[in-house]
Amino acid sequence: MSTLLPFPDLNLMPDSQSSTAGTTAGDTVVTGKLEVKSEPIEEWQTPPSSTSDQSANTDLIAEFIRISELFRSAFKPLQVKGLDGVSVYGLDSGAIVAVPEKENRELIEPPPGFKDNRVSTVVVSPKFERPRELARIAILGHEQRKELRQVMKRTRMTYESLRIHLMAESMKNHVLGQGRRRRSDMAAAYIMRDRGLWLNYDKHIVGPVTGVEVGDIFFYRMELCVLGLHGQTQAGIDCLTAERSATGEPIATSIVVSGGYEDDEDTGDVLVYTGHGGQDHQHKQCDNQRLVGGNLGMERSMHYGIEVRVIRGIKYENSISSKVYVYDGLYKIVDWWFAVGKSGFGVFKFRLVRIEGQPMMGSAVMRFAQTLRNKPSMVRPTGYVSFDLSNKKENVPVFLYNDVDGDQEPRHYEYIAKAVFPPGIFGQGGISRTGCECKLSCTDDCLCARKNGGEFAYDDNGHLLKGKHVVFECGEFCTCGPSCKSRVTQKGLRNRLEVFRSKETGWGVRTLDLIEAGAFICEYAGVVVTRLQAEILSMNGDVMVYPGRFTDQWRNWGDLSQVYPDFVRPNYPSLPPLDFSMDVSRMRNVACYISHSKEPNVMVQFVLHDHNHLMFPRVMLFALENISPLAELSLDYGLADEVNGKLAICN
């Protein structure tokens, strides 16, 4: 810009006292039309002309005069002291007031579909409307929070199962030339919305969303909408808009920080967030921002002391996408100002400070886990017993960590990556030398697909489509190549795991990687013995694991009965009652240290690939949900209710 403009320093807050001296009591607060902060902004905004002619200069001056007037109106002296010293508008203004914690507020019941997560009999109109009122979830007891956490998990499981199902169908139709691939993440969300399966969709939640915990990870923005965590698919600021607010004021409730604005500054607990607007399709600032829509909503939230939820988008390479979204908790907006950004245009900035007393930020945990994977001894100088418990028998090393005591018990066992089947255990005809005759990869009508009921068990990313009694994979006598999508569990461990010592569970297992829902983790390995052999060995004190006692959590994965009322769980191929055991007294693997839980994040799926004997399937473990780095793995061993959270190496 070639000329100096006659307006104040934009880095300074306008003087509210002087700016309001000439106003009258009848003046109204100026609010503009809602404009959301897109990431990136969808609509092209023409950059200002670089010429220095008089008309262009006059227009620019007029624009900043308009912004200054907007500032003045935003700080009009129409405030009175409210409860706890909070400044609010006059009683006749109709403004939304932040209610103190001890005061009565609207206590909402869970919306339809939240209590028992069943399909509503009334299909929601595709013309979906955002909520028209703010609400804060009532403070609940431990059991209520625990129950609603499970409801949230089931909803996420339904979303993931539906998304994977739709993606597989879309890929299949695309290969057959029956249509182009569609966004399965969006399609799954819209289907669930039309079935009334979105949570909190009838209220605009302020503060924490019940069931969502700090550190929860999401792969898609649409999932945030399904849970009511952030209601915008592209916009960075989610707020109750002025058009929908009874008071005509927007109130911001959550933001997504994904690095789309060059003026953002993020140090974790303190965040300087750039307002919306003024960007082109290359994410470059090309125009000045205005105090409207989400920007005004952020200012109003600061004014009323309303906290906002912060979700961070983090680059993380995985089989689904190159970015994940992490819920990092609640922040308070403590300051805002208008400044000239790096590109030379005026932008609004908001300083947010994280509220104390919350768990560690999920984004910080992910960064710590990344450093731990690459330089473990630098992050933890002491405590490591072994950097590879498997002695290179797994595809990736298995760490052994103990900073509690001097116990090194896991090193005393022979590590095996796969279960050992003693010779002759199958009897005559147990080993089948037949397989499919596909080339490179299997087709839908191959022998192995027919064994699975006419469909493949996995999608192209190796995720389990739906749980079954047993899954048949391509085996040694199949002619398809190693890249066949029907070869998943036989490839072994892919995620880095750590066996760690715990005061609560004895030994436990946590992941150093982000494990996606439906992904294969590892095999549960031991020496397979018959029932008679197990009885004899047990009398000698050998430790036994009984695969037939694991709960059938696989029934929940891929269960779309909430979405499609006529959905029927697959009953073919079937599996007879299992009557074998695994002796883990001398030979075992990392899975044997996974703790027991009635609310597991890992499920058992029986698989056959190197033989066809239904009485002796392999015990494979899959993720029931997205498992964050450093989260502990847990299984439901089928133990009594009073046994929970303790080392359950014998069931």
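The backbone N, Cα and C atoms fix where each Cβ goes, and this holds for glycine too.
Noted in Swiss-Prot for the protein shown:
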- Cys436, Cys438, Cys442, Cys446: Zn(2+) 1 binding site (BINDING)
- Cys436, Cys448, Cys474, Cys478: Zn(2+) 2 binding site (BINDING)
- Cys442, Cys474, Cys480, Cys484: Zn(2+) 3 binding site (BINDING)
- 15-28: compositional bias 'Low complexity' (COMPBIAS)
- 202-358: domain 'YDG' (DOMAIN)
- 434-492: domain 'Pre-SET' (DOMAIN)
- 495-638: domain 'SET' (DOMAIN)
- 1-28: region 'Disordered' (REGION)
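Within 10 Å of the C-beta of Cys484 (Zn(2+) 3 binding site) there are 22 other C-beta atoms, taking all protein chains into account. Closest in space to Cys448 (Zn(2+) 2 binding site), of the binding-site residues given as Cys436, Cys438, Cys442, Cys480, is Cys436, taking the CA atom of each residue.
It is 7 Å from the Cα atom of Cys478 (Zn(2+) 2 binding site) to that of Cys438 (Zn(2+) 1 binding site). One way to see the shell of the Zn(2+) 3 site is to take the Cβ centroid of Cys442, Cys474, Cys480, Cys484; the remaining same-chain residues with a Cβ within 8 Å of it are Cys436, Cys438, Ser441, Cys446, Cys448, Cys478, Gly481, Lys485, Ser486, Arg487. Annotation: Cys474 carries the greatest number of neighbouring Cβ atoms among the binding-site residues Cys436, Cys442, Cys448, Cys474, Cys478 [cut-off 10 Å, Cβ to Cβ]. Same-chain residues with CB within 8 A of the center of the Cys436, Cys438, Cys442, Cys446 CB atoms, the Zn(2+) 1 site residues themselves not counted, are Glu437, Ser441, Thr443, Leu447, Cys448, Ala449, Cys474, Cys478, Thr479, Cys480, Cys484, Ser486. Using a 10 Å Cβ-Cβ cutoff, Cys480 (Zn(2+) 3 binding site) registers 22 neighbours.
Secondary structure at Cys446 (Zn(2+) 1 binding site), taken from DSSP and collapsed to helix, strand or coil, is coil. DSSP places the residues of the domain 'SET' (495-638) in helix, strand and coil in these numbers: 19 helix, 48 strand, 77 coil. The Cβ of Cys446 (Zn(2+) 1 binding site) has Cys436, Glu437, Cys438, Cys480 as same-chain neighbours under 8 Å, each 6 or more residues away in sequence.
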